[in-house]
Amino acid sequence: LKCHKLVPPFWKTCPEGKNLCYKMYMVATPMLPVKRGCIDVCPKDSALVKYMCCNTNKCN
């Protein structure tokens, strides 16, 4: 699986076991990602932070 790093078009190949790409952003600024990368389990959203997870190449 290939996931974008914080600044596309840069990306990396995920290590074994991390089969999701994710994008983390603040609820107040959804168009400005705070973090991007590979993850094993999609974290739960909170009141301030949301996560978008997906499992196809460079979908984050």
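Every residue gets a Cβ built from N, Cα and C, even glycine.
As given in Swiss-Prot:
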DISULFID  CYS3-CYS21  disulfide bond
DISULFID  CYS14-CYS38  disulfide bond
DISULFID  CYS42-CYS53  disulfide bond
DISULFID  CYS54-CYS59  disulfide bond
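In this structure the alpha carbons, written CA, of CYS14 (disulfide bond) and CYS3 (disulfide bond) are 7 Å apart. The number of other CB atoms found within 10 A of the CB of CYS14 (disulfide bond), across every protein chain shown, is 18. In sequence order, LEU20, TYR22, TYR51, CYS53 constitute the residues six or more apart from CYS42 (disulfide bond) in its chain with CB-CB distances below 8 Å. If you measure from the Cα atom of CYS3 (disulfide bond) to that of CYS38 (disulfide bond), you get 6 Å. The candidate set comprises the disulfide-bonded residues CYS3, CYS38, CYS53, CYS54, CYS59. Of these, CYS3 has the most other Cβ atoms within 10 Å.
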